[in-house]
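Student: Pasting the relevant annotations from Swiss-Prot:
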- 33-100: domain 'BTB' (DOMAIN)
- 135-236: domain 'BACK' (DOMAIN)
- 405-568: region 'Interaction with DVL3' (REGION)
- 282-329: repeat 'Kelch 1' (REPEAT)
- 331-379: repeat 'Kelch 2' (REPEAT)
- 380-426: repeat 'Kelch 3' (REPEAT)
- 427-473: repeat 'Kelch 4' (REPEAT)
- 475-520: repeat 'Kelch 5' (REPEAT)
- 522-567: repeat 'Kelch 6' (REPEAT)
Amino acid sequence: MGGIMAPKDIMTNTHAKSILNSMNSLRKSNTLCDVTLRVEQKDFPAHRIVLAACSDYFCAMFTSELSEKGKPYVDIQGLTAATMEILLDFVYTETVHVTVENVQELLPAACLLQLKGVKQACCEFLESQLDPSNCLGIRDFAETHNCVDLMQAAEVFSQKHFPEVVQHEEFILLSQGEVEKLIKCDEIQVDSEEPVFEAVINWVKHAKKEREESLPDLLQYVRMPLLTPRYITDVIDAEPFIRCSLQCRDLVDEAKKFHLRPELRSQMQGPRTRARLGANEVLLVVGGFGSQQSPIDVVEKYDPKTQEWSFLPSITRKRRYVASVSLHDRIYVIGGYDGRSRLSSVECLDYTADEDGVWYSVAPMNVRRGLAGATTLGDMIYVSGGFDGSRRHTSMERYDPNIDQWSMLGDMQTAREGAGLVVASGIIYCLGGYDGLNILNSVEKYDPHTGHWTNVTPMATKRSGAGVALLNDHIYVVGGFDGTAHLSSVEAYNIRTDSWTTVTSMTTPRCYVGATVLRGRLYAIAGYDGNSLLSSIECYDPIIDSWEVVASMGTQRCDAGVCVLREK
C-alpha cells in the first residue's frame, strides 16, 4: 500500500453488546461467577464486577468494608425472587420487562438496588399508563420513591383531567389535605368552578360523619364568585350541607355580593376571584381578507399564557368570508370566497398529526356559502345561511365527521349572510346578518329535537359581520356594521330570561370581526374599523365589565375564521 496513512481511532457498534451477551452466557452457565445472590431461598449466580459496574448499591457492598464484601453468598431482603430475576436480566442485557403486574414491585426494588435504568424504565411505563382512574395513586407512588419527573407528570395529568379524575375512587379516598392541595391549584383545567364545587360535596358525602366538619375549610378554595348567579341560587343554596353551616353561608354570601354589587368587585379581589388558568387552549385565526386587498391563506396561533403569536401551515386555498370551528382536536375551515367564486369546500387541520398539523380536504357542503355561520353541537358541525354569489340562504346543513357526510336540515325563517351562529344549552341561535335588502337585528333559534326555527327577542342594534360567542349563559355579540357605521358596541343575550343588555364597548370599532371565548374571557379578533384592516385583539372580562388590548397578530385581516383548540 503506497502513500502515508494517518492513524485513526475506530469504534465498533457491536463490541459492548457482544461483551454483554458473552457475560450473560457465562452467568447462565455459572462460569466465572464469584458471588451468589440469595433471594427467598433461591440462588442467583453473578459476577461482582458486573453488578458493581451497574449498581452503586453493589459497588459499595463489594468495595467497602461491609460484611458482604468477601462472602460468596449475599442475602438480599425486600424483594421477590421473580423481581430479582428481572433485575439481573437487565444488568446483563440492558433490557427490562415491565408490566402492569410487576411495576409496583420492580420500581421499589430498582430504587433499593440503585439500578437507575430500571427506575427510569418503570417511570416511563407508569407515565404511559396514566388515566383519570389511577393518576392520583401513581402520583403518590412516585412521591414515595422520589421519582420527581413521574410525580410531576401525574400531577399535571390530574390537573388537566380534573373533571374526570374526581369521578373515580382514588379522589374520594384522598385525605382532606390532599383534596385541599388539588382544588386550591390554579392550574386545574375546568371550564367553570362547578366541577370543583361538586367534587368537594361528593367527597364530603362519601363519609358524611367524618368529613362534614371539613366542608368550610375545603369550600374556601372553591372560587364561588366565578360561578353564575343561577348556579349559586339553584344549586349551592339548595345544598343541605351549605344551609347547615354558618361558615359556608358566609362564603356563599360573598359570592352573591360579588355579583350583586359590581362596584365593590375591585375591593374583593383575591384567590377566590382569580380565574384558574383553565385548559391549555390556544386561539387560531384562519384566512380572511388581507392587506393586499385579496383573500389570504395565513394561519396564526395565539397562546394566552405567553401572549405570543406564531404561524401554522397555511390552508391549501385562500379564503375570505370563511367560517371555522373546532371539533375533537381538529379545525374545520368551511366555505368562503377565493376571489372568484363562493366555496362549498371544507379543509380540516388534524392538530394531533405532527408538530404543526396537517391540512386535508373533507366532504364539501351541499351549498356554496360565504359569510355563513358555523358552530358545533355534540359530535356534529352545523352551518347556516351565507351567500352563494347570487342569493342569500335560509338553509342549514350538518356535517358528521364519522361518515364524512353533510345533510340538509330545516330552513331558517330569514335568509342571512354575515350572521353569527352559536350553541347555548343545546339550542342553536342565529343572530343578525344581512338579507340582501336590510341589516338585521332579528334572532332565531333552532331546536335539534323538533327541527324547527323560532324567533326570540331581537338585538337592540342591527348588525351584520358581528362576532358571536357564548360566555356564562350569555350570548355576546360584538361589533359589526349597522348600515351606516362600523360598531364598537357590545350586547349580551341572557338565554334564561330572553333579554338583552348592553355591556362596555370595545376600544375599537370592528366589522367582520372574529369572536371566541378563552379561559373565561371573550376575545374580539381583528376586523375592519371603517378605515383599515386590523391585527389587534382585545379581551373582555365579564367580571369587571372591561376590555383590554392584548398582543396583536402578525397579519392585518377581516373576514377570518376563528376558533379555539386544546393545545397538544
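Glycine too: its Cβ is placed from the backbone N, Cα and C atoms.
The model shown is predicted, which means the values in this text are computed figures rather than measured ones.
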Student: For the repeat 'Kelch 1' (282-329), name the stretch out of 427-473, 475-520, 522-567 with the most CB-CB pairs under 8 Å.
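Tutor: If we count Cβ pairs closer than 8 Å to the repeat 'Kelch 1' (282-329), 522-567 scores highest.
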Student: Mind tallying the repeat 'Kelch 2' (331-379) by DSSP state, helix then strand then coil?
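Tutor: Residue counts for the repeat 'Kelch 2' (331-379) by secondary structure: 0 helix, 22 strand, 27 coil.
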Student: Okay, the repeat 'Kelch 6' (522-567) and the repeat 'Kelch 2' (331-379): do they have at least three CB pairs under 8 Å, pairs separated by 6 or more?
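Tutor: Yes, these stretches are in contact.
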Student: Considering every residue in the domain 'BACK' (135-236), what is the mean pLDDT value?
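Tutor: Average per-residue pLDDT within the domain 'BACK' (135-236): 92.
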Student: In the repeat 'Kelch 6' (522-567), how many residues does DSSP assign to helix, to strand and to coil?
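Tutor: Its residues divide into 0 helix, 29 strand, 17 coil.
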Student: Could you put numbers on the helix, strand and coil content of the domain 'BTB' (33-100), residue by residue per DSSP?
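Tutor: Across the domain 'BTB' (33-100), the residues distribute as 28 helix, 13 strand, 27 coil.
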Student: Which residue counts does DSSP give the repeat 'Kelch 3' (380-426) for helix, strand and coil?
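Tutor: Counting residues per DSSP class in the repeat 'Kelch 3' (380-426), I get 0 helix, 23 strand, 24 coil.
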Student: Give the residue counts of the domain 'BACK' (135-236) per reduced DSSP state, in the order helix, strand, coil.
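Tutor: DSSP composition of the domain 'BACK' (135-236): 75 helix, 0 strand, 27 coil.
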